[in-house]
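Structure, as structure tokens:
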Amino acid sequence: MVYPNFLDQKSREVIEYSSEYLLISVLHNLLQGECNPDLRLLGCSVLAPQCEKDKVIKPCRHVCENLKKNCLPAFDAIDMAWPYFLDCDRFFAGEEEGCFDPLAKLRGEIDPEEDLPSDLPATFIQFKHHSYSQMVSTLKKTASKCSHIATTYSIGRSFEGKDLFVIEFSTKPGHHELLKPEFKYIGNMHGNEVVGKELLIYLAQYLCSEYLLGNPRIQTLINNTRIHLLPSLNPDGYELAAEEGAGYNGWVIGRQTAQNLDLNRNFPDLTSEAYRRAGIRGARLDHIPIPQSYWWGKVAPETKAVMKWLRSIPFVLSASLHGGELVVTYPYDYSRHPMEEKMFSPTPDEKVFKMLAKAYADAHPVISDRSELRCGGNFVNRGGIINGAEWYSFTGGMADFNYLHTNCFEVTVEVGCEKFPLEEELFTIWHENKGALLNYMEMVHRGIKGIVSDKFGNPIKNARISVRGIQHDVTTAADGDYWRLLPSGTYIVSAQAPGYSRVMKRVTIPARMKQAGRVDFVLRPAEAWPSKLLRRSMEDAYDPYDPLELFDPHAQHGRPEARGGSSAGREKPWWWSYFSSLDLHKPLWLLKQR
């Protein structure tokens, strides 16, 4: 760059001590991750403009205008004016003036793909490690090839701005279908554990090609299930691990996010609350709200994206793919006694989780063999599965959160001994896991499913489906449909909702039954809804002012003022303290005109 910049700042020191520079530095925190890193790049294009042959080039006006349209609500939410130095007319130029796009490389350059022979079979999969851009390109090409049954979408962005891409397979991509269960796989939660990421990329290609070739197993699976594959939840960490290269079996570099957060320790600790409730008569161990105190800590944008995703889709079953061992673990992952690091800590659905974990382990030829001459040898006598807290206890895990906050049952699969294996090993790893990946997906159809409606046929949302003897309910989705995973056996199942009488049914699930049995409920208005039941049902309802959507991690700054601070303190918004070190150069231009 050359000096002065567009703000007439004549040196690097002046820029770095300016209020404009400080604002760019703290925008991620102020806006709770919204528009990050787009706004930082846009601001830097003004403070440190691009130049060619000693000529300064302005950033493009249309980029600024689009970003302002998308990001202005985030500024309004914290009562902050749009920064003057992001004035789209003043500091930006039109394309006819030869402007440049400061966000062009935000997603990274698309890596040139190898020229593959045109006569390759439809089932061809290239067993290699995929960079972020190669992964996105492969997922998009796969969705395009199977556009009638597949689509891609993003659930949010990583801290460094990479989209968290999902490929979905369904007969009606992009839509929930009545009574069709929702399934998800998540890979690469720890950036240096890359096998799960590659397996899901290969799985996407396999599902597409086999569906087109008429494979009856794959067609049945996709025709009756909505499948979501998120190959990389931590693309920022993956980049760090990839710099070390394949064959490096490190346990630290790339594991965490760009914010130095372990995503599998970053979810709300609802397990402690479940243990507290377990001794209370009539208390439910399901749909536990997120405590307000959770939002006072550092919440990764990747974590928040997953939680929003879970709220938006009624997932039934899930698995998170990790690496470094050969075992399938299931909740709880946090010990019921905090001081015990290895303590069997079952959920009310212990039998269900063991059935699910065994479905993957038994179909995996290495996890299920009896040899102890491999990693994971300690799990041979357990059949390749273990309760998570009995292996080692930790809090803030994703699997416990799925189970205690939503209807979704999730296990964790350690898919291989090496975290980042050599490329020549990937073909073998795929064939070891392919059958298990399919077998586990098919488990989403075990148990019962149905619709809860009133006597006029109107669906009842958030009705509770209870199974006698299991202290964990599931709830109906927006269309009144539900899914309840259960092993074979006879159960007393009931449905209830505020304002309606409870309906109970006796249900028998045969041992050989591979499809969910249909059990519908028609609820009739109750003459007098018991106040205790109504109160209990409302205790666990989500707050209409949902902290997941509207949480403010800096709310503590406003509390002393609310108790009676100075009038001058009350006149300034909470974020004003971020600029207290600037003395005479405080950004008054960020204060909205009253």
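In case you wondered, yes, glycine gets a Cβ from its N, Cα and C as well.
What TrEMBL records for Glu414 is active site, proton donor/acceptor. Around the Cβ of Glu414 (active site, proton donor/acceptor), a 10 Å sphere holds 24 further Cβ atoms from the protein chains shown.
If you look up TrEMBL, you'll see Cys64-Cys88 marked as disulfide bond.
DSSP places the residues of the domain 'FZ' (1-102) in helix, strand and coil in these numbers: 50 helix, 8 strand, 44 coil. Residues or ranges marked as domain 'FZ' in TrEMBL: 1-102.
In the predicted model, the domain 'Peptidase M14' (128-444) shows an average pLDDT of 94. Annotation source TrEMBL lists domain 'Peptidase M14' at 128-444.
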Largest tally of Cβ atoms lying within 10 Å of a Cβ, found at which of the disulfide-bonded residues Cys64, Cys88: Cys64
Alpha-carbon distance [Glu414 (active site, proton donor/acceptor); Cys64 (disulfide bond)] in Å: 44
Rounded to the nearest Å - Cα separation of Cys88 (disulfide bond) and Glu414 (active site, proton donor/acceptor): 50
